[in-house]
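According to TrEMBL, the protein has these features:
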type	residues	note
TRANSMEM	12-31	transmembrane segment
TRANSMEM	46-65	transmembrane segment
TRANSMEM	77-101	transmembrane segment
TRANSMEM	107-126	transmembrane segment
TRANSMEM	138-157	transmembrane segment
TRANSMEM	163-184	transmembrane segment
């Protein structure tokens, strides 16, 4: 198998993984639609699920970089983009068709969150591997920053909750990464 075919095959695997995970998640949501877990603010549950999926994708990418003899390549960033697009598109269409989310406004808010969180995750991974690989505590700094942001937002903007809080954290996180990128050249 040539290198080009191997790369296409690898990207297709990531797309297929996103589709399969999306279908499994939709089946879970459909079978448990009357469960107390899915009652209340469903967008929060979906946002929390998306965060868990994002952390898992980041961990898998870390392993693939460590196992790659050539080290880090920007092509690796295409993998999570393909995964997030295939997962999000099918999942968003599914939750709307299954009437898990009945409002277009909620669906649009969820899509905005998914986009920002995917950007946040991919930017974190890229900066960690390219710019801040020599800073061993970079991941700890990011976790501390996220926790501090949550605490400050809860204190100073207590009305901000749910998916609005998650969107704000993603935006502040992306700005934080860009400031770090400018300061630590």
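These residue numbers are counts, starting from 1, taken along the chain as shown.
Just so you know, glycine gets a Cβ as well, placed from its N, Cα and C.
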Same-chain residues at least 6 beyond the ends of the transmembrane segment (138-157) with a Cβ under 8 Å from one of its Cβ atoms are 124, 127-128, 132, 165, 168-169, 172-173, 176
Quick tally over 12-31, 46-65, 77-101, 107-126 of CB pairs under 8 Å to the transmembrane segment (163-184) gives the top stretch as 107-126
Within the same chain, the residues 6 or more beyond the ends of the transmembrane segment (46-65) and with Cβ under 8 Å of it are 21, 25, 71-72, 76, 79-80, 83-84, 87, 95, 101, 110, 113-114, 117-118, 120-121, 124-125, 129, 162-163, 166
Given the transmembrane segment (12-31), its same-chain partners at Cβ distance under 8 Å and 6+ residues beyond its ends are 38, 49, 53, 79-80, 82-88, 90-91, 94-95, 98, 100
